[in-house]
Amino acid sequence: MGGHDDNVTKPFLHITASLLDCIIHNTNHKERMEEERDMTQRPWDTCREVPVIEDEQTPWKMIKLLKILSLAIVAVSVFGLALCSKSTFLLLITLSNEGTKVLPDNMKPVALLCIGCALIISSVFLLLKSIWKSCYKTSKPPRKSTIALVLLLEFLAAMGVAILTIVAMPHLDIVTNVTILNGVAILSALLQVITQCSAKERNRFLLPSIFAFVLILLGYALFLYLYITKNTADIKMIIWVGLAVGASFLVSFNWWEGYLRLISKNSSSLFLENFCKDLTKCQNMLNILTSLLRIAVTACVLGAYVPLAKMDWNIVTSIPSRETKIIAIIIGVQLISSALCHWFSLVACKMHALRRCFILPLYLASLAVMVLFVVPVIVYYQEYRTSLNGTAINFTSYCNQVVDGRNQSLNGSVFPQLVLDVTHTLCFLDMSKLADIGLLTGSAVSWWLGLLLATLHLWYLNVDRIQRTQDLFIRRLYEGAFIEQSLLLNTRFDIQSKDRKKKVVDTLMVYLCATMWHETYDEMMNIIISIFRLDKYRPKTDKKNTDFTFETHIYFDDAFNEVKGSRGRHLNEYGQHLVEILTEVYGIFTNIDKKFFHKKLQIPDQKIIRTPYGGRLVVTMPHGNIIVVHFKDKELIRHKKRWSQVMYLYYLLGWKLMNKYYARWQSGENEADLKAEIKKEKHNTYLLALDGDTDFQPAAVMLLIDRLKMYPSVGAACGRIHPTGSGPAVWFQKFEYAVSHWLQKTAEHVIGCVLCSPGCFSLFRAAALMDDNVMKKYSTKSMEASQYIQYDQGEDRWLCTLLLKQGWRVEYNAAADAYTNAPEDFGELYNQRRRWGPSTMANVVDLLGSSSTISKRNRSMSKPYMFYQLFAIASSILAPATICLMVAGSFNFLFNMDASGALVLAVIPPIIFLILCFKLKSDTQIKIAGLLSIMYAFLMLVVTLSIIGSMVKENTILTPSSIFVISISAIYIITAIMHPQESHLIFHGLIYILAIPSAYLLLSIYSLVNMNNVSWGTRETKPAAGAATPEPSTPQTRTQQAKSACQRFFSWAKCCKKSNQRSGDGHHAVSQAVLSPESTQAEQPELLPQNTIVESTSFAEEQQRQAEPVFDFPTQCWVTQLQNVSNSMQLQEDSLDKEEEEFWIDLQKKYLEPLPDDKVRQQKIKNDLRELRNKINFAYFMMNALWLVATFTLQISGTVSITIPILDFNLKPTGKNIQIDPIGFMFILGFATMVGIQFLTMFYHRIYTLIHYVAFLDTEPKEEKNELKEAYLSGKKVDSVSNGDSVIESSSLEDSESDEFDNSDDEDSIYM
């Protein structure tokens, strides 16, 4: 008995001793970690290894200089163009004045006709624009009462403009003509008074509006007194003066709409409310009607006045050439300068330079016009007086002798004659009398001050970045007759209270959603630093930043693996690296000051949570924003990128956004109110899709947010993606990405819609993702072979396809830069494009197949744009045949080979490669492709040099090949110059040229032949040798058993304590069993007996040493594994609430259950993919063969060809001709047209990118712009401040609900 008891006691004592050792070990470990966290920085250890966290990519000095130059150019342009517009219009008025000599009296109808053209040109533009937009947008017809009232008001305004400029002003003096146009603000001033009095707040600009009204009335009074008292018997002059005053009052009806909208907001009138709604909903239809009315009224007034004034229209057809030239130049300058002044004024407002580039230049333009006309009159008058050698002469005598006494001849310079004609308009007044000068000056000053006070509110106008035109200006047209007055008075009027309360704006919610898999340490470091950088930029703890708040969610695919000797699954090395990086970056951003001797700031404890899909790590960043890392276990939830996206779509938009409203509805809240709140939150919630290696700056995020915030119909916006890395493969991609963004994406944005918003850096609107047939369909499991290609091989492109089909717009912002690692290996690049190529083709074909439906639903996707995409995909499909023809031409050119032999020789390598691709493994295919790529690169180099030599030898560049090469090179070089920050990429174009056959011939063959391979192809790693087959268990001694039991106990205690604290239903029991697979084994540690009787002590010690790593393994599950990763950041285990846990279980069951290992189905899909591959390859290469044969046949036959003479550098025929087949000519012409469109749209897009970026720089905090590096390094909080030009204000949903899907004034897009 004693021996037996002793045998029982010894194992127990071993277990007890081992248990105490473990307790002491864990206690000491925790104490050491706490001590290290509290430890002061060692004085001898002050050097650090810190990754780059500041922005080193953006050339801030160059950008600041560019901003100054841009603002200066815009300010000068607005001033200069307004000056040109007004001065040329007043010259037309002067030329139509009776008695002027430059244009004889019988030719006055020509000047009047030009005045009419200046009046109606803006209405013509508006008419064409409204008709164009009506074709692509459903516009409801307005009510009859709305039509009647709008047409009445527009009739009065159009009648006033026509009578004032055509009838009255030609009979007034130049000073009055310059200043009376300032008097058109009279009704605006009166309506400002009424609007502000009807408001319930104390208004800041009530007194200025009253004074403006009084001053304008005073100006009219002085004007009437001056002209009527001058000669009371002159009835005609009294009529002209009366018409001028009455017409100028009617002109002020032009800007009724803005004030009427404000009055309706403070009025209980149902008619006004419905009227204003009609104005918004039926804007295009009303614009068409009003434009036609204004054109008709102007034509009627002009047509009626000429006969009444006893003038003959027939003279218009018989004007001498000199007068015709003078009139044409004046009216041409007037029309062009008016349109450009309007556009530059829009640019100034969108650049957030309202004061210095818009208001001030327009104020000064009126004064400058006065100086421009009056000063030459005074100078010529004084010069004439001086020439008389002291003989006294007054102004009246000067008019009689010099001005009116000159002959009609125009043989000399025109300028002196124009000055004398301007002087003639002042001869009615006696400019020698101080009373006349005083009255004239008084009326001019009163009108100008009245205009200034009536527009004083503009100095304090709230303007958003890239403000929409319809929110800046009430009317969509300008008045060429008085350009500066129409621009100033047409600008939005806001009622501003004296206490200047800020408008309550909605705070946007931005979710940063990154997907990770097998990113390297440095790649993960990039994105984590970017996220912490954004945390510093928009701190949640700073209540001043209310524009948006954000959360970061990282979804880590296949994060777990089995570890020998552990009860639970562990994070793999990539997941563990991510936690280490979070700790490191947190420490850097927390202890980022420059003190040498300081106590390290502790990193707060963070949370770690078990979830039904694996695990979760919640990190609160230094400034209050959070990062949530979702570690996915592929045994519990479906893995791969698309399913990670489905996972965060349903979690963030389904659970976090919608669930709370459902709970409120259940509690009895009003359903209509909840629907309005849901719509608003969906509109103001954005998802920023990121890859696991994306590097970005906060400014890039802000620029994308601007696009979605301003334009309600934009469902997604992407930035400029820069590939990083080194080597020839990366150099090729850098130029390829550059050309793709510079030309292709800009063309798509401007004339249509971007087809693919890349998942590495794109912002999506929640309302778009939650729309019908988007998120739900995106969650569809691939069931057919074609779906594996379209759905899983290019998930970001398919998501954009779904958005486009639902009518949402996808945009591109070139200023939002993001950097991502590119494949550096040739094989990895080929595998990546093997996925992208077929997926791109499948999605584009899908869109083209539904072009009729999409064009009706999505007004950005017009029929012409769909034809543009059709030609682009056709060019892509026929690329292999085109490359073969190019290679054949190279052989013909280099070796003077026969055309047939050259084509056969050019086709043989691709055919052999095509056959080998069907027979060999993909790795072998890639090796062969690499070898052929090198051969083709040498050929391309020789051909390029030969073409250059040919141009020099034949002394001509006017051959099709030469023109094509030079044109494409010039386009690329100019495009690179237009992107100064990226202009160095043009040198990578040399690699791109050499790789054209590889990229468009070999890669096309490889991707199509291997399209049945639906694996990811990049970042794939093979399992470690022996990982799948565990080694057999080794015998254990009693001591080892005791120690093992101790370790299991602690593992169970640490990893499963939360599950013991929970008491749930069956769902909980199931979930816990799934969550803690080690718990079941821990409860029965003795089910797997081990050898316990060991005779040899030495053998036992050896076995113990071999088994030591297993039983001494400190972590038994991923929780304890992460808790031991770092001493700096402690991870405290927490738990999900019951409702969220049930949500994850339900989500997994419905959408995200791991796919079953169905061998039969897998074989069927494999066969279907192979069959689909064969069909597509047959069609694809058959089309290339037909194209090749047709083009080659026409080339060698010469029966049907186009003969083009070869010209030398002097454009003289060389006597040689070149034959081009019609098919090839049409293809080259089509390609040239497409590139030309892309080139022109690039210019257009660059201008609006510059506008947006300058506005961003002018509205963001100065600390971020001027001291960017210091701000990042010091960790200062940055307050949002407004610049000196205007106050920043974010637009709310209510401002855009009335025109929710109308981007009609998104000037950086033109819908074809």
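Note that Cβ sites are derived from N, Cα and C of the backbone, with glycine treated the same way.
Here TrEMBL flags 1292-1312 as compositional bias 'Acidic residues'.
The region 'Disordered' feature in TrEMBL is assigned to 1278-1312.
Look at TrEMBL and you will find 68-90 (among others) tagged as transmembrane segment. Sequence-remote contacts of a segment are chain residues at least 6 beyond its ends whose Cβ falls under 8 Å from one of its Cβ atoms, and for the transmembrane segment (68-90) they are 115, 118, 174, 177-178, 330-331, 333-334, 337-338, 340-341, 344-345, 347-348, 351, 353, 356-358, 360-362, 364-366, 368-369, 372-373, 480-484, 1250, 1254.
Counting residues 6+ beyond its ends, the transmembrane segment (110-128) has Cβ neighbours under 8 Å at 89, 92-93, 95-96, 103, 161-162, 165-166, 170, 287-288, 290-292, 294-295, 298-299, 302, 305-306, 311, 315-316, 319, 323, 327, 330-331, 334-335, 338-339, 342, 476-481 in the same chain. The transmembrane segment feature in TrEMBL is assigned to 110-128 (among others).
For 149-168 (among others), the entry in TrEMBL reads transmembrane segment.
Here TrEMBL flags 174-193 (among others) as transmembrane segment.
Taken from TrEMBL, the feature transmembrane segment applies to 286-306 (among others).
Per TrEMBL, transmembrane segment is recorded for 358-381 (among others). Same-chain neighbours of the transmembrane segment (358-381): 75-76, 78-79, 82-83, 86-87, 90, 174-175, 178-179, 182, 345, 348-349, 395, 398, 416, 419-420, 422-423, 426, 444, 448, 451-452, 455, 458-459, 484, 487-488, counting only residues six or more beyond its ends whose CB sits under 8 Å from a CB of the stretch.
Beyond the ends of the transmembrane segment (437-460), by six or more residues, the same chain brings 173, 175-176, 178-180, 182-183, 185-186, 188-189, 192, 204-205, 208-209, 211-216, 218-220, 222-223, 225-226, 354-355, 358-359, 363, 366-367, 370, 429, 431, 485, 488-489, 491, 493-494, 496, 1286-1287 to within a C-beta distance below 8 angstroms of the stretch. If you look up TrEMBL, you'll see 437-460 (among others) marked as transmembrane segment.
Here TrEMBL flags 865-888 (among others) as transmembrane segment. Sequence-distant contacts of the transmembrane segment (865-888) (same chain, six or more residues past either end, CB-CB distance under 8 Å): 747, 751-753, 755, 841, 844-845, 847-848, 851, 854-855, 899, 902-903, 905-907, 910, 936, 939, 996-997, 1000-1001, 1004-1005, 1180-1181, 1183-1185, 1187-1188, 1191-1192, 1224, 1227, 1230-1231, 1234, 1237, 1311-1312.
Below 8 angstroms of C-beta separation, residues 880, 884-885, 887-892, 924-925, 928-929, 932, 935, 1001-1002, 1005-1006, 1009-1010, 1181, 1188, 1192, 1196 of the same chain, each at least six residues beyond the ends of the transmembrane segment (900-918), sit close to that stretch. Look at TrEMBL and you will find 900-918 (among others) tagged as transmembrane segment.
The transmembrane segment annotation in TrEMBL covers 930-951 (among others).
Per TrEMBL, transmembrane segment is recorded for 1185-1211 (among others).
The transmembrane segment annotation in TrEMBL covers 1223-1244 (among others). Here the transmembrane segment (1223-1244) has long-range neighbours at 742-744, 746-747, 749-751, 868, 871-872, 875, 878, 882, 885, 960, 964, 967-968, 971, 974-975, 978, 1187, 1190-1191, 1194-1195, 1202, 1308, 1310, meaning same-chain residues at least 6 beyond its ends whose C-beta is under 8 angstroms from one of its own.
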Query raised in the report: Short question: which residues 6 or more past the ends of the transmembrane segment (286-306) have a Cβ under 8 Å from it?
Result: 109, 112-113, 115-116, 119-120, 123-124, 126-127, 129-131, 134, 142, 146-147, 150-151, 154-155, 157-159, 161-163, 166-167, 278-279, 312-313, 476-477
